[in-house]
Structure formats: C-alpha cells, structure tokens
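Novice: Pasting in a structure now, in structure tokens, and then I'll have a few things to ask.
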Amino acid sequence: MFQVAGLIVFCGLLAQTTALLEALPLGKALPLALDQSPTDLVGSLTSTLSNGLLSEGVLGILGNLPLLDILKAGGNTPSGLLGGLLGKLSSTIPLLNDIVDLQITDPQLLELGLVQSPDGHRLYVTIPLSLVLNVKTSVVGSLLKLAVKLNITVELLAVKDEQGKSHLVLGDCTHSPGSLKISLLDGLGPLVPQDLLDSITGVLDNVLPGLVQGEVCPLVNEVLSHLDVTLVHSIVDALIQGQEFVIKV
C-alpha cells in the first residue's frame with residue numbers, strides 16, 4: 001500500500017517537471033549556467049591570448065631576433081650602427097674591437113594586462129615581454145649582460161559582419177611609449193664605463209621596439225583568428241553594449 005502511494009507521488013512530480021521543461025524555449029533551458037560574468041570573460045581572454053602566443057612560438061621568436069644583423073645594416077656609416085659605435089669607442093676600450101655577437105637569452109612572456117576604453121567599446125591588452133641581452137667578445141666571452149623589458153599594447157575591437165557573425169579584430173598594435181627598460185645585470189666592472197652603457201642602450205632604444213612589434217603583432221592577429229567562438233561572441237556582445245568589464249588590478 002505504501003509502495004503504491006509512493007509511486008503515485010513520484011509520477012506526479014515527474015509530470016510537473018516534464019511540463020516545466022516543455023514550457024522553456026529550446027536552447028534556453030540553462031541560461032545562467034552558460035553565461036560568464038565580466039570578470040570571467042577577462043580572465044578567459046587574457047589566459048587564451050597568453051596560451052595562444054606561447055603556442056605560436058613567441059618565445060622562440062624573441063630568442064631569435066636578428067638584432068645583430070639589423071644593427072650592422074643600419075646607421076649612416078658603412079659598417080652600420082654597431083660598427084659606428086665600436087669605431088667611436090674602441091680607441092678607449094680595445095675589447096670592443098672583439099665584439100662578435102649579441103645573444104638573446106631567457107625570453108619571457110609575463111602576465112598580460114587589460115583595460116577598457118572609457119566608452120566601453122574597446123579593450124586594450126598589454127603584452128609584457130622580457131629578455132636578457134648578452135654582448136659577447138671573442139676574448140672574454142660575455143662583456144655585458146642587459147635585462148630588457150618591453151610592453152606591446154594591442155587594441156581589440158568588436159565587430160559584426162553582414163551575416164551577424166561576431167568578430168574580435170585587431171586595431172592598433174604598437175610598443176607602449178616609454179615602456180622599454182634596459183638595466184645592467186652583469187659587466188666587467190670598471191671596464192664598462194657609463195658612456196658605453198648609455199651608447200649601447202641608446203642604439204637599442206632606436207631599434208628594439210620596432211623589431212619586437214613587427215614580430216609580435218602578426219602573432220596576436222593569428223591568435224585572435226583561432227579564439228573560441230563562444231568566448232568571442234560573449235566579449236563582442238559585451239563591448240557592443242558598452243558593458244563594463246570587471247578587471248582585477
């Protein structure tokens with residue numbers, strides 16, 4: 001008797017649940033569980049961009065920048081910027097005649113930053129990069145070891161095409177003015193005067209930002225083209241509506 005009553009109650013509850021589910025529009029049964037908060041969107045975007053850049057080989061590209069070739073090919077003298085620098089200073093520091101290489105080591109992609117434009121319709125992603133630059137000589141090996149940090153700033157725009165498909169596209173992509181930081185990690189003590197360090201960093205100031213920008217920005221564009229469709233749709237909708245992203249500082 002008790003088993004029959006229990007079965008009747010269970011069947012009644014099942015019928016009510018079925019009726020409620022049928023009343024919901026198809027594809028909208030669990031809208032809250034699928035939606036991401038603005039904070040989640042920011043975390044998902046920066047994490048995806050970071051992983052994408054690593055997958056595209058950004059560290060290998062940084063480690064193989066043709067810096068020495070570009071320095072030798074530039075400038076107003078036949079021997080290029082580096083040759084001009086060495087010629088100017090070799091009379092006081094003979095070791096400079098023996099410089100044979102500029103080697104890049106320890107390239108790193110640091111934690112990405114993100115800010116939203118005041119109108120709420122654009123995002124700016126900061127891509128902090130770092131590396132160590134070794135100026136080598138044939139006589140003593142490493143003459144200078146410089147720590148280099150540089151930020152690339154990427155503008156992300158939300159667009160929808162004629163078919164209504166959402167796209168997150170690359171706007172401006174440039175090195176952040178004043179973000180290049182060069183510091184001396186190691187050197188041969190008194191053999192490395194300040195004017196030498198200033199001269200080398202001055203050359204790097206003119207060459208390195210544009211070189212890194214030219215390599216990294218195409219990678220960002222490639223990563224954007226492979227973003228998860230659901231993530232792109234959510235971000236584009238939020239930007240078009242001017243929804244404020246919650247960004248943790």
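Placed from the backbone N, Cα and C atoms, the Cβ positions cover glycine too.
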Novice: Given 81-86, 123-128, 207-212, which one carries Swiss-Prot's region 'Important for surfactant activity and antibacterial properties' label?
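Specialist: In Swiss-Prot, the region 'Important for surfactant activity and antibacterial properties' feature sits at 81-86.
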Novice: Going by Swiss-Prot, which one of CYS11, CYS173 is joined to CYS217 by a disulfide bond?
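Specialist: As annotated by Swiss-Prot, the paired cysteine is CYS173.
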Novice: Cβ-Cβ under 8 Å from CYS217 (disulfide bond), same chain, 6 or more residues apart: which ones?
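Specialist: Once residues fewer than 6 apart are set aside, CYS217 (disulfide bond) is near ILE152, VAL154, LEU170, CYS173, THR174.
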Novice: For ASN151 (N-linked glycosylation site), what residues in its own chain, 6 or more apart in sequence, show a Cβ-Cβ distance under 8 Å?
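Specialist: Listed in sequence order, they are THR126, ILE127, PRO128, LEU129, HIS175, SER176, SER179.
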Novice: CYS173 (disulfide bond) has how many other Cβ neighbours within 10 Å of its own Cβ?
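Specialist: Result for CYS173 (disulfide bond): 20 neighbouring Cβ atoms inside 10 Å.
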